[in-house]
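Data first, discussion second: the structure below is written as structure tokens.
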Amino acid sequence: MDPLLVKADVVKHTSLPKSLRPTSPPPENVPKHKHIKDLKLRTKLNRQAIHAARSKALVEDADLLLTGDAGKMQVENEMERTWRIGQDEIVQGAGQEATKGRRELKLDGGPYRSIYSRNGRHLAIVGTMGHVATFDWQTGTMHAELQLQETCRDITFLQDQSFFAVAQKKYVFIYDRDGVELHRLKSHIEPTRLEFLPYHWLLASVGNTGFLKYQDTSTGNIVAEHRTKLGACHTLAQNKHNAVLHLGHSNGVVTLWTPNLPHPAVQLLAHLGPVVGMSVDPSSGGRYMATSGQDGVVKVWDCRNWKGAVREWTTRGGGAELEWSAKGALSVAVGGSVNVYTKPSIQTPHPAKAPPPLYLTHPIPHRPLTSVRFCPFQDILTIGHNAGLSSILVPGVGEPNFDSTEADPFENKKARREREVKGLLDKIQPDMITLNPDFIGSLAPQTKLTTAVNDTHDIPFARLPRLERLRVQGKADDTEAVDDDDDGGEGDGDKSGKTQSRAEKEKRKMRGKGKSVKRYLRKQRKNVIDPTAVAIRAKLEKHREEKRVARAVEKGQMEPHKPSALDRFRRP
């Protein structure tokens, strides 16, 4: 057989692995970093530029293809209001698949809190009395159900639905999908709220002790432990854009924390009473944050500018539970009802303390309302209360288009394993969590604090010796001990005018080093300004100046100073 035909047949039925295939052809007009001499750095920057240009082109293509917006409720005339429409009418107008989200779970052991997995397929619930359950809410498949017989305050999934953590009475416990206890985290004492950072594989907890702790679930090590110094904390939210944690305290203060800072990155007095609810808008890249206090006020803040609240209004019934949806809708559960507000009204500055236009409301008679959660990629809002959980339909609040590489609602076991391995390989270090994550991958700006050593060339400030750095900052003590008083300042020549040899210069330079004052000054010669040493050096300088003037008068180079009656007023 012809080898060319064999080769053509093999190429026809084989292909590169998916990890080696280019996602799209390289874009045109990509800037080349030809001015960089380092070949390795230039190649890396070119690769990053091509990747950024390709991503931008793909985003533009997605905007062109995904032209349809999420369907919201619309009114026919100005006299109608969307909040007058009840759940029965919404269920009748929605499709058969969408109506599965409308359900009522009546459970004992409340009040309950809930959490959805990242793909929105699985739901975990926990009751204060110790009832814990995880299940696939679309198919009704129960994964695990536990009766822990102790106080449980919060629950969260880890990297996927295979593991979940429960904040119990004394410690944090980790269970697998079947409900088998895997770990008991004794370092997390009396936890009240839990959050998981999926891209960093960090489990964060805050409790009655007032400590915020980060634990790496891939290695099991405590990454950071911060003492908030603000007492017990019962409010914790995560900014999904930059992985910064927002804490609400009992004195009305809101603090923002990162693992690499021992103090809050931002500290804000938000309310006059305890902060009971908090959430960050994921649709705007984490720009807006909503808080609610025990004083009955809901405030929307701009995280780029903390000068004041963008909008605030008063609610009935005290503190409210808050949650933002993927499309920027804000749900407020307070009193005996749940209210949903949509943008841009809640993000538009308004001088009066009037509530924004209401989009949807739903009454719930079971008090207290302890949690509100939007289901990812669905128009479903789950409310946790004293009698169980209630799920209502809120049209237009869910993101209809999902990225299967991030969170796939239809993934199988093989895809889940591959995604878990890829997540471990792409895990981001905790040191990279900052308020501004855009600095990652950018070139460091040239330092402005440079100096010339010996007037020859510029050296970066960080590489200077310590004495040079102190001189640049103006903190160095440049007053040095003077030489022997008998040198007369004649330079390199002696009194006879003859040029001295090198040995004679060194010998003359060392004269007077054994004097007690010189020894004292050498001991006091530090890189800090000592007032005592400065006074002694000033006294020696004055004495040397008097001797120099006396010698000049003797040689006839200077006229002697005649005393005057005004000398008594001269400053020393």
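Just so you know, glycine gets a Cβ as well, placed from its N, Cα and C.
TrEMBL: automatically predicted annotations, no manual curation.
Annotation source TrEMBL lists compositional bias 'Acidic residues' at 479-491. As annotated by TrEMBL, compositional bias 'Basic and acidic residues' applies to 492-507, 538-572. The annotation compositional bias 'Basic residues' is assigned in TrEMBL to 508-526. TrEMBL lists 358-437 with the feature domain 'BING4 C-terminal'. Residues or ranges marked as region 'Disordered' in TrEMBL: 13-34, 472-572. Annotation comment: TrEMBL describes 268-302 as repeat 'WD'.
Broken down by DSSP into helix, strand and coil, the compositional bias 'Basic and acidic residues' (538-572) contains 22 helix, 0 strand, 13 coil. Mapped onto DSSP helix, strand and coil, the domain 'BING4 C-terminal' (358-437) counts 17 helix, 20 strand, 43 coil. Within the repeat 'WD' (268-302), the DSSP-based counts of helix, strand and coil residues read 0 helix, 20 strand, 15 coil. A mean pLDDT of 91 is what the model gives for the domain 'BING4 C-terminal' (358-437).
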